[in-house]
Amino acid sequence: MKRAIPWQAVVFLLPALLIYSVFSAFPLLDTLRLGLFATDETGAQHFAGLANFKLLLLDPQWSDGFWNAMWNNLKFFGIHMLVQNPIGLLLATLLSVRGLKWARTYRTLIFLPTLLSVVIVGFIWQLILSPLWGVGERLMDWVGLAEHFQPWLGEESSALITLSLISVWQFIGVPMMLIYAALLAVPEEVIDAAVVEGASSWRIFWEIKLPLIYPTLGLVTILTFVGNFNAFDLIYSVKGALAGPNYSTDILGSYFYRTFFGYQSQIGSPTMGAAVATMMFLVILCGVAIYFYAVQRKLQRYAL
Amino acid sequence: MSAGLLHAVLIAYTILALFPIALVIMNSLKSREAIFDDPLALPTAQTLSWIGYDKVLSKANVWLYFGNSSTVTVVSLFCIVLFGAMAAWALTEYKLRINRWLMLYLAFGIMVPIRLGTVSILSLMVKLELVNTLTALVLVYTAQSLPLAVMILSEFIQQIPKELKEAARCDGVGEFRIFFQIILPLIRPAVATVAVFTMIPVWNDLWFPLILAPSDQTQTITLGVQQFLGQFVTDWNAVLAALSLAVLPVLVLYMAFSRQLIKGLTSGAVK
């Protein structure tokens with residue numbers, strides 16, 4: 001570097017870079033390193049190569065839990081993709097209808113749950129779905145479905161789906177807002193031209209608006225992906241660290257927490273915890289990489 | 001689609017979004033019998049009762065938890081905005097060769113959740129003797145939000161006309177005064193956007209308070225409510241009041257900032 005760095009630039013950059021490096025970048029890299037170490041009975045750590053990962057992926061004692069969490073996490077993500085994002089798209093499309101009254105009120109109110117703490121949301125839904133209180137049952141009775149009411153959160157077969165739907169309820173505002181903004185940005189001339197040509201609003205949506213917002217849909221997908229594979233709070237506050245019943249709601253976040261801190265008779269291990277975190281890191285990295293190299297690149301070419 | 005049907009769908013979804021929150025707040029104001037007899041009824045003169053709030057506000061350390069959450073949120077916000085704006089200014093104003101790399105380095109922090117570094121963060125905090133202090137939380141939240149703040153603020157700073165700072169430099173104004181007296185006031189709308197965006201995840205976080213500061217003195221309101229709900233699970237008045245109290249500050253903030261938030265959310269997405 002020929003020109004000397006102005007000393008003021010260093011002063012401006014220093015606090016941000018220092019805090020970010022020490023408390024974010026370094027711990028992330030150090031966690032990847034720590035995943036290669038093992039802890040013995042005395043608590044001392046020594047280099048173990050890929051042994052932790054072999055345990056995690058192949059040894060039934062660890063791998064059963066890990067693959068269960070991974071599979072549940074995929075389902076969790078799948079439900080968000082199949083329910084949250086299409087409904088978000090629908091709401092955004094309705095909101096962006098030209099001349100719609102109270103559009104601002106609707107979007108403000110629908111976005112509200114997104115701001116609440118997951119702890120609160122989890123508990124509110126626990127109360128609503130609790131057979132003890134009977135709100136859920138009463139509501140279903142209004143439409144004549146009372147006999148179909150089940151304690152969905154308590155049953156192994158339905159707990160994960162119920163939790164996913166609670167999460168969908170809370171976070172639907174995010175895709176809705178992002179897609180809504182993208183729809184508003186679609187140039188009016190394009191739509192007007194199509195209207196003049198006699199295209200139905202159905203065709204305008206599918207053949208003009210939707211392709212134009214593909215980049216936003218891609219962004220929504222990757223945000224959902226990173227968010228879901230990093231989720232923890234909802235499972236922990238509704239189901240505790242054990243992610244019951246019988247681990248049926250265990251996802252990578254809660255599995256990471258248990259590995260790190262231990263539970264019941266199992267002693268927590270920072271190095272195994274780091275190995276789990278590394279796996280989560282790799283999963284997220286793969287998602288982000290696929291998004292950037294496959295999806296986004298194609299989209300840009302499409303846009304041209 | 002007819003306007004009537006359109007509104008019907010939107011109203012139906014709005015009710016679905018608001019009903020659970022309304023249900024909890026409504027029942028928090030009722031007597032115990034009324035909560036169970038008819039959960040869907042509004043409180044009336046006979047069923048109105050403040051007993052849940054009385055219990056929560058007197059028993060638990062609610063005020064302390066609120067104070068902790070507020071301290072952590074406000075101090076984090078201050079650091080994020082100040083350090084973020086300083087870095088954004090340096091990265092856009094001084095064309096250094098290393099800038100590209102610094103941007104990439106920060107982009108890494110936007111994509112990878114800081115939670116994955118928890119194992120090392122905890123051992124680092126133990127070494128620094130910061131476990132069970134609010135400082136630990138402030139540092140982590142600042143580190144977590146800085147990358148995005150720098151990105152958003154850089155965008156804004158780039159739009160500031162060159163003439164402004166050139167003129168100031170000609171008058172011999174120092175670099176620091178240029179930043180604090182000219183640039184910072186100009187990017188106030190962007191600062192507001194960053195603040196609103198940062199505030200919500202910090203206020204609502206459960207993970208780091210649980211791991212870094214779980215002691216009774218340093219609990220945040222989110223962690224406090226979580227533990228309170230576990231303890232008082234059979235005392236419905238108290239539970240509902242605790243939930244309502246935890247919702248209210250967010251509701252109030254949302255009323256105050258919803259414009260800014262939605263503007264930030266929608267203008268960020270168009271790009």
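Every residue, even glycine, has its Cβ placed from backbone N, Cα and C.
Looking at the stretches A:76-97, A:186-207, the one that TrEMBL records under the feature transmembrane segment is A:76-97.
When TrEMBL is compared with the stretches A:9-28, A:109-128, the one noted as transmembrane segment is A:109-128. Within its own chain, the transmembrane segment (A:109-128) is flanked in space by residues 91, 135-136, 153, 166-167, 169-174, 176-177, 233-234, 237-238, which lie at least six positions past its ends and keep a Cβ under 8 Å from the stretch.
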